[in-house]
Amino acid sequence: MSQNNRITPIVSPSSSLADTDSLHHRHAHSPTTEHRRVSIASITHPDPLGPITPTDDVTLKRHLGLFSGVCFIIGTIIGSGIFVSPKGVLRETQSVGLCLIIWMACGLVSLLGALCYAEIGTIIPRNGAEVAYIKEGIGSVHARTGDVLAYLFSWTITFVMKPSSIAVLSLTFSQYFLSGVMDDCGPPEELVKMLAIFAILMLININSISVSAANRLNIIFVICKVSTVAIVIIAGLVRIGQGHTQNLQNGFVGTTNKPLGVALAFYSGLWAYDGWNSLNSVTEELKNPKRNLWLSIVLALPSVMILYLLTNISYFTVMNKAALLSSNAVAVTWGEAVLGPAVRILPILISISALGSANGSLFGAARYCMVSAQYGYLPEVFACIHARRLTPVSGVVLQGTIAIAFCLPSNVDGLIDFFSFVAWMFYALTFTATLCCKFTKKSADRVISVPIPLLVIIILISIYLVIAPLISSPSIGFLVAGILILFGLVFYYPFVYRKIELQFIKKTNNFLITFFWITASTSENLM
């Protein structure tokens, strides 16, 4: 899981943004990891415990081109939701016509949000997206406020949001894969968890060994996802040609007259587009980001909008409103009517789609860890990359390990529900940071510039999406989520604000640096 005046392109010469973050430079050359800095040329026969001569740069490389950027966004957005439960919008709107309109409107809102991220992403061209944007954007108005808010986001996304998302996607992969290869009685829960854990371990291994391999795997997953969606769309168009349009006629019959229903439909639809901001988490690894960041967004988001719209239309050529709302797996119900015996392939394809999203989430999560550590929010070991493979292996292992822990309980979905509203709170802060940069970084190069009125609109939409679930379905879980977020301040004061260093943390940090054979990045890797 996931707005409208024109955006004005601004063509301007590139300029150095080396002053974007002096903190990054300080952490990159800190004494804890300076002794681990290595020369790529000197490690043909590595000896992790032997002396290493710091001669050459060791940094993340720019390996993502335009096509890879588009695939990264599409691969992160399209998970299993469009195949399994795209019914939240229909349930709230109560009509096919308004349902389809909401799907398109949510895509436009996501596109506006992504373009706001593209603007601030070219001003603050760092991995880690919100961590860097809130820290530098809001921090440009009030440094301590920006630092605290960025830390709270880092705490939340590192220890709850990203790992739990990876866990749920891996469990979804396991559930549907086993359902596709086993009989109708369904797989046992223990087997589902074991396969999910195996999948996470596989993704940890791939993302630790090679960035290029993880990127190629993501492209393969995207091809499988789009192919699956194409099957649904083409079959739906054929059925329309055969005259199966009864559920599309009189499309606005039964439309809800409750404003709250329409508002909640937007809430459900926008979550289907979640991931629209994913490319910003890897900006430093994007080739020519001033061009490819916004262009990837402009190509990917409308593509997803069209795919979502046509997929829902295809579902309505087979199912009426009641049938769609009662289905536990909409694509499978659709396939039983259209594909016949071949429907058994659909759970396998759905599982591949979920695994692809898990891969993209783990890829981005490791970068959040890296930037958080560069700002001092996490131990310095997580700011390091493998000296030869140039992968953020420590961050990958951390996120994968926490995700495995989240696979063990049975109610991870409920946890994500309680933390979902939090994401839009941090989106609102990021949009606010973009607005702050309009005034504090007026001279910065901007490839695109989102008009201030549109920024205000997207901020208000974000605030609504934070408040809506609290009003519509209040629960103690939301309070627990808020308390867990604020609990991070317990660690902020001594370790970030006071900069207290405990000996056992320093020893553990140095041991892990040696164990993983990693080193601090030697370059800020700006545009």
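Every residue gets a Cβ built from N, Cα and C, even glycine.
Quick look at what TrEMBL annotates:
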REGION    1-48  region 'Disordered'
COMPBIAS  1-19  compositional bias 'Polar residues'
TRANSMEM  64-84  transmembrane segment
TRANSMEM  96-120  transmembrane segment
TRANSMEM  148-173  transmembrane segment
TRANSMEM  194-213  transmembrane segment
TRANSMEM  219-240  transmembrane segment
TRANSMEM  252-273  transmembrane segment
TRANSMEM  293-310  transmembrane segment
TRANSMEM  345-369  transmembrane segment
TRANSMEM  390-412  transmembrane segment
TRANSMEM  418-440  transmembrane segment
TRANSMEM  452-471  transmembrane segment
TRANSMEM  477-497  transmembrane segment
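With a cut-off of 8 Å between Cβ atoms, the residues of this chain six or more beyond the transmembrane segment (390-412) that come close are 58-61, 158-159, 162-164, 166-168, 170-171, 189, 193, 196-197, 200-201, 203-204, 207-211, 362, 365-370, 373, 381-382, 384, 512, 516, 518. Of the Cβ pairs linking the transmembrane segment (345-369) with the transmembrane segment (477-497) and spaced 6 or more residues apart, fewer than 3 are under 8 Å, so the two regions do not touch. Recorded stretches compared: 148-173, 418-440, 477-497; the one with the most Cβ pairs under 8 Å to the transmembrane segment (96-120) is 418-440. Counting only same-chain residues 6+ beyond the ends of the transmembrane segment (477-497), those with a CB under 8 A from a CB of the stretch are 147-148, 151-152, 155-156, 160, 376-377, 414, 417-419, 421-422, 469-470.
By the Cβ criterion (under 8 Å, sequence separation of 6 or more), the transmembrane segment (418-440) is not in contact with the transmembrane segment (219-240), since fewer than 3 such pairs are found.
Counting Cβ pairs closer than 8 Å to the transmembrane segment (148-173), the top stretch among 64-84, 219-240, 252-273, 293-310 is 64-84.
Remote same-chain partners of the transmembrane segment (64-84), defined as residues 6 or more beyond its termini with a Cβ less than 8 Å from a stretch Cβ, comprise 1-2, 169, 172, 176, 215, 218-219, 221-222, 225-226, 228-229, 271-276, 278-279, 282, 285-287, 291-293, 295-297, 299-301, 303-304, 307-308, 311, 328-332, 346, 349-351, 353-354, 356-357, 359-361, 363-364. Packing against the transmembrane segment (293-310) from elsewhere in the chain are residues 66, 69-70, 72-74, 77-78, 82, 86, 100, 103-104, 107-108, 110-111, 114-115, 117-118, 121-122, 226, 229, 233, 236-237, 272-273, 276, 279-280, 283, 286, 447-448: each is 6 or more residues past its ends and has a CB under 8 Å from a CB in it.
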